[in-house]
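The block underneath contains the structure these notes are about, expressed in structure tokens.
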Amino acid sequence: MSEAEARPSNFIRQIIDKDLADGTHSSVHTRFPPEPNGYLHIGHAKSICLNFGIAQDYQGQCNLRFDDTNPEKEDVEYVESIKNDVSWLGFEWSGDICYSSNYFDTLYAYAVELINKGLAYVDELSPDQIREYRGTLKEPGKASPYRDRSPEENLALFEKMRDGGFEEGKACLRAKIDMSSSFMVMRDPVIYRVRFAHHHQTADKWCIYPMYDFTHCISDALEGITHSICTLEFQDNRRLYDWVLDNITIDCQPRQYEFSRLNLEYTVMSKRKLNQLVVENLVEGWDDPRMPTISGLRRRGFTSSSIREFCKRIGVTKQENMIEFGSLESCIRDDLNENAPRAMAVLDPIKVVIENYDADTVETLTVANHPNKPEMGTREVPFTREVWIERDDFREEANKKYKRLVLGKEVRLRGAYVIKAERIEKDAEGNITTIFCSYDNETLGKNPADGRKVKGVIHWVSADKALPAEIRLYDRLFTVPNPAAADDFAATLNPESLVTLNGFVEPSLAEGVAEQAYQFERTGYFCVDSKDSKADALVFNRTVGLRDTWGKTEA
């Protein structure tokens, strides 16, 4: 990450500053603990930037820990994807990668300690009965008939669970806390359950697995985490976090702090909903450029620096709010405006024939890669008698506000000559197929000699030398700002979130590598698709338009 990216301030950093100043901690140690059951999304990026950013700014450490206690939903594929995403975002984890499964033996021992202290018991109620006995927010829970078993009996039953003596759902280990607590999480939560599932790290060693709330706090303590930072939905869980650590023999006592998660307009963040989009083929996979996943954003053309900048701009607070999608687009637009080389591409082509230009001549024009950055160099663009221009850049008649090509009037071709539309040719349906023009051969890089004003400039590519390309115009995945609030979120999908065009690009783009970004002049920012683009079949993804036009129509 660039040192030029300014250090932010927020309430968590203020807590850390105080802890360091009063000697509560001498250093800072954070962690990012994803469950490897899916692909990371832009909401995770906020947590990554917060946890790794804090460690970076305070010369501390940040662990990457996989919270892998649910083997049925986890996979090595997700482990590798998460590692790649964190690295791509510009961060390095401290030491070796951690897994909660590394601590399964230790976690088991702590569960035994709670049993010996009379603070945990094996319950043989069914999952439905446990839910029923737990009560509601308005009604206290009631004790399980198995709650008062002796430690000796519970130890024997827990060993039986470990040894495969219970079927799934027939027994679990619960913490013995308070069934009348006003906090549901404290009503004897389940801390171990039976699962006969192969684990991607421990194979078939275990048939019992610890629950998140039991595992998380102990993993933090074992790793020496000083500040355990999570989102607000875990605020009540902090009571259980502290209870577990207070009742086992362990040296480190981390503190949990909560911040508001990221809610972004025109998308969903729920893994369940994202998975539904993939499973029902409503998108083309987890890395579909319309998805809010980091891999999807990356494929669409978002840079790691733009995502870090977005996370910095939205800040870290305890207040839940909805962030405008335009804020994310603004970050990548600013980045690419500064750093993306320019190129010309015609997305909806119509042919121009310059009748007074020699048919056999191929002129090589030198064009700057960036108007404000000469250090980015130049490229060669071929100019020929026939060129493609955008269909929208020509009208038979137009008012004075239209600064493009009009029949009988002039316009400048970007980096080339002034041309004049002399006549047109139409097909049987009345559609214009060809525009016949003349050119002023004294206007390459200069104004007309007679002083006449040519105000419009349009882009173009050589019809003979341009490369055909598939152009994918990506837009917001949903038509409403908060699709998650809809009765059927899938019904709010934007049918125009992907429009595919067959256009032409200048030949220099054949050299573009996967994820290479360009500004297609006057059109938007695009990148080479990392999955489908090939040397003989180019594919470009629109990352973002030149300006925010969502919900706006042309005047």
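Each residue's number is its place along the chain shown, starting with 1.
Backbone N, Cα and C define each Cβ position, glycine as well.
Per Swiss-Prot, these features apply:
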type    : residues                               : note
MOTIF   : 34-44                                  : motif ''HIGH' region'
BINDING : 35-37, 41-47, Thr231, 261-262, 269-271 : ATP binding site
BINDING : Asp67, Tyr212                          : L-glutamine binding site
MOTIF   : 268-272                                : motif ''KMSKS' region'
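Swiss-Prot feature annotations superimposed on the structure.
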residue	record	Cβ within 10 Å
Glu35	ATP binding site	17
Asn37	ATP binding site	17
Ile42	ATP binding site	22
His44	ATP binding site	23
Lys46	ATP binding site	24
Asp67	L-glutamine binding site	20
Tyr212	L-glutamine binding site	16
Thr231	ATP binding site	15
Leu262	ATP binding site	23
Ser270	ATP binding site	12
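Taking the Cα atom of each, Tyr212 (L-glutamine binding site) and Leu262 (ATP binding site) are about 22 angstrom apart. Tertiary proximity for the motif ''HIGH' region' (34-44) is limited to same-chain residues at least six positions away from its ends with a CB under 8 Å from its CB atoms, namely 66-70, 73-76, 78-79, 81-82, 85, 200, 261-262, 264, 267, 269, 271, 274-275, 286-287, 291-295, 297, 307, 310, 328. For the pair formed by Glu35 (ATP binding site) and Asp67 (L-glutamine binding site), distance between Cα atoms is given as 5 Å, rounded to the nearest Å. Taking CA atoms as the reference points, His44 (ATP binding site) and Asp67 (L-glutamine binding site) are 14 Å apart.
Distance between Cα atoms for Leu262 (ATP binding site) and Asp67 (L-glutamine binding site): 21 Å, as a whole number. Between Asp67 (L-glutamine binding site) and Ser270 (ATP binding site), the C-alpha separation comes to 18 Å. Taken residue by residue with DSSP, Ile42 (ATP binding site) is part of a helix.
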